[in-house]
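Annotation source Swiss-Prot lists GTP binding site at 389-396, 435-439, 489-492. According to Swiss-Prot, the feature compositional bias 'Basic and acidic residues' maps to 31-48, 144-158, 186-198, 228-260. The compositional bias 'Polar residues' annotation in Swiss-Prot covers 81-104, 199-211. The compositional bias 'Low complexity' annotation in Swiss-Prot covers 105-118. What Swiss-Prot records for 271-280 is compositional bias 'Basic residues'. Feature annotation from Swiss-Prot assigns domain 'tr-type G' to 380-549. The feature region 'Disordered' is assigned by Swiss-Prot to 1-289. If you look up Swiss-Prot, you'll see 389-396 marked as region 'G1'. Sequence annotations record features per position, and here Swiss-Prot assigns region 'G2' to 414-418 based on similarity to another entry. Residues or ranges marked as region 'G3' in Swiss-Prot (evidence: similarity to another entry): 435-438. What Swiss-Prot lists as region 'G4' is 489-492, and the listing cites similarity to another entry.
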Amino acid sequence: MKIKNAQLTKAAGLDKLKQKLAQAGSSDTKSSSEKPTTKVPEKVAKEKVVKKKSVLDSSVPTMAEHVSTETSPRRIRAKNRSSFASEDSTIPSPVSVDTESTAFSPPVVEEVVSPLESAEPEIVEPTPASIVDEPETTIQEPPPPKKEAELVVKKEPPKNVVSIKSNFGPTGKHINHLLAKTFKAPKKEDKPAPKERTGTVQTKPQQSSEVPSDKQHSSNNRQSQPFYRRDTSKRPGSDFRDRSKKDDSPKAFTGRDRYGLNDSSDDDKWRKKRVQKTKKHYDEHSVQRPTHIKVPLPITIKDLAAEMKLKASELIQKMFIHGMTYVVNDVLDNETTVQFIGLEFGCTIDIDSSEQDKLCIESNTVKEEIQETDPSQLIIRPPIVAFMGHVDHGKTTLIDSLRKSNVAAVEAGAITQHMGAFCCSTPVGNITILDTPGHEAFSAMRARGAEVCDIVVLVVAGDEGIKEQTLEAVKHARAANITIVVAINKCDKPNFNADTVYRQLSEINLLPEAWGGTTVTINTSAKTGEGLSELLEMLALQAEVLELKANPEARARGIVIESELHKGLGAVATILVQNGTLHLGEALVFNDCYGKVKTMHNEHNQLMTSASPSVPALITGLSSMPKAGDPFVVVKNEKTAKEIVNARIAGQQKFALQKKRPNFDAMLQNKKILKLIIKADVQGSIEALSSSVLKIVSDKVSAEILSSSVGEISESDIRLAAASKAVIIGFHTGIESHAESLIKNLGVKVHLFNIIYHAVDAVKEMMTALLDPIAEERNLGSAEIKETFKSSQLGTIYGCLVSEGVMTRNQKVRVVRNNEVLWKGNLSSLKRIKEDVKEVKKGLECGILLEGYQNAQVGDILQCYEVIYHPQKL
């Protein structure tokens, strides 16, 4: 092979080497014609490099291997390809081994395809390579002089070159790395410089012969130092020979490994560091807190703190210092409390009532509205009279006599349990009468009746006098500032005594006219009709004095007397118009429901087209059932009514989700709770029954009402009772037909009542049944142990003498020693002269076997007793 680069020859001073190479080239040409084209074995190339080095440095002794050219040497396949290829790409000639010790082999030149297609020769710098071991001897040569040499390299890759098997795949990675994770190319801006393509298979740094492993050093004793071309166009450290060995220690599994973004053979420099979020530090003094704000009521602690630019914890801490315990979601509805909190932080708080003004369609009361009306538009309206008094004092019978009807016969138990509103005609004019219940459970109804009516007729039985509910009715009437007329009823009875009633009235500051006072008193009899005409005249006189007037042309306003759920009509309500006139088809707004009047009936179930002031009516067409006592007002249309009600409900639901605080006192006391579900025919009955149940106070058990609604007992009520283990109380209602079978299947307790005090008594009995009975120990007798006997089968048998009472089998026994109870248990066996007996009387001896106790001694006392359980009281 001819070396065309003259500069390399002159720089290295290889004149003699040039001659040797020329001779070797001629011998190679001859042998190439005889032998097939093969690649030069790497081992032979390494030997030639060693011989070349021996010529350069004669001071180092070399030992060449004498191999004859006649006998062809055994070809050794190289583990890695050489760094240089022969210049002739078509017919590469094999190099023969020189027999002389000073023979040299030319360096193998690797044909490299340059990325720049230029015709100029490329300068290659020869550098010392790693040494390859030979089995015979190991020769170390000093590095050649570091002068650049220029070699001419052909661009055409060699043909018919035997490929060398490698442990690396076409991707350039070891199979272990490919199995571990997939490779994902880096971003364009971070891609490393592309490697130059070579005509032969690329040599990998991990398995390169230039960097031999420890196993290679042990197997091979000779070293070779092939030259390789350094590309100066690449950045420093980009070549695989310049890289240091990476740390093969296992790395932690990260999120990038899951998507194949990490690879052990890749450079980590291209990866971008994750930008860590730095915490923003706020300066408390930099926040400008307002000095004047406007908030609506009610408002939560969280919202108030946001308006004041404060933390909720600061508000809670300040309120706790002043004795107010709140959490972040608690609601503040007191204007004074909100303003006090603002002053503590130097902020003036005003209450914003704009939203409430939109929802409040009535700005004043009915009386104020009438007073502001032009007197020319007012007319005289009938008086509204409420009959109030104690139960069974004859209120309903007296009203029946005035109306000439028989309502009392319809009431269950002959007591009024509903509020009735009637409009009756009398010789003195029309009167609207409200019949309120006299039972103690209907206190809310009596209070509503006192608020609505103009005159209160206090019915007192002449034979019984003033009772508890009578005093309560007086209290309600005085609170509403209503005129009171006393009707002393049952004057036809022989034990009637009006003076006793007068004395009792004077004691409560109702001095009768007969005694010189101002309170009107009339003796009446519902059965004989005595005093009824006088009562009507007195009511008409009081109405003239009060000057009761109303404006029939105004929009209708009034109050709900009673409401119920009808099977065919749905939600119905008994209303009383206080001002204006209610017509069919008008839209109404109640507190939390609305409706459009579809039908209107009077007390005789006759259709009505309008209801004037002081006239009661039964209306239908409501969205839901209003509560008794709710006011109503007529609005423009049903759409407006719906918007107002929805806005009110949304405001209520905003704070309805607030969790109830647990009753820690009840938890500490470990109270038992009776859960109830109440169903009734009307809303007033629910209020009465609920208030009566909640009035049952006990330190050991309490009643809790889970649900209360109007209507029949349905499947949903039964399922709720089964899930919560509650008892259903039905008052003046029934059970749906398809729900009766469900009651038996789920085992739910259902109690139906028509009289309210029967329902209250039943609830008391159920609450008492929840209490654990009190255990009482009653002594039956005692016996002294005189002797003990050991039995292998039964244990210890005690021979006793009954000293007091009777010892009975299958009773409880106490073992007493020195007035101290050692054990309590059952007496399992009792014998008298080897015979089982039920009892042994005083003065007799017996054998006793205790169940589970063998440690009694002679002289101990066995006390026989029985346990008696007594029910607790509320």
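Cβ atoms here come from the backbone N, Cα and C positions, even for glycine.
Between the binding-site residues Gly389, Asp392, Gly389 has the most other Cβ atoms inside 10 Å of its own Cβ, all protein chains included. In the structure shown, across all protein chains, Lys395 is the one of the binding-site residues Lys395, Cys491 with the greatest number of other Cβ atoms within 10 Å.
Secondary structure by DSSP for the region 'G1' (389-396): 2 helix, 1 strand, 5 coil. Taken through DSSP, the region 'G4' (489-492) splits into 0 helix, 1 strand, 3 coil.
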